[in-house]
Amino acid sequence: VLSFIIFICYIASLAASFMMAPLLEFLLALFLFFAYASKLNEKFKGLYWPLADFLRCVTAAIIYFAISIAAVSKYNDGASKAAGVFGFIATIVFAIDFYITFNDLVTVLKQGTADPPEGRKSE
């Protein structure tokens, strides 16, 4: 929802060149939401879904931080300032999300390496 609000703010502002990043993030988040809701992650095992979600969060936080700094410092209209402020809020939200996702990912990876491989059996 926050990505969609930022997208609308960038459309209404002079910084319309930044509108692609929130749009792509919104569409990617929507895809992942529907993929998890429709259990697509259980059907399609070719992608490690928690890692994909982690990478999405990291890149979104970095991109939102960069374009928010540019929007607030370079443009003077109110919509650009609002998009920048919402972008900083989104940066914080995505940073919290990738911290939580990272902790879950590390826990899953540690559990995966602790189990012996199926090919080896103790004698």
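Even glycines carry a Cβ here, placed using N, Cα and C.
Quick look at what TrEMBL lists:
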type	residues	note
DOMAIN	1-106	domain 'MARVEL'
TRANSMEM	7-35	transmembrane segment
TRANSMEM	47-70	transmembrane segment
TRANSMEM	82-102	transmembrane segment
When the domain 'MARVEL' (1-106) is classified with DSSP, how many of its residues are helical, how many are strand and how many are coil?
91 helix, 0 strand, 15 coil
State the mean pLDDT for the domain 'MARVEL' (1-106).
89
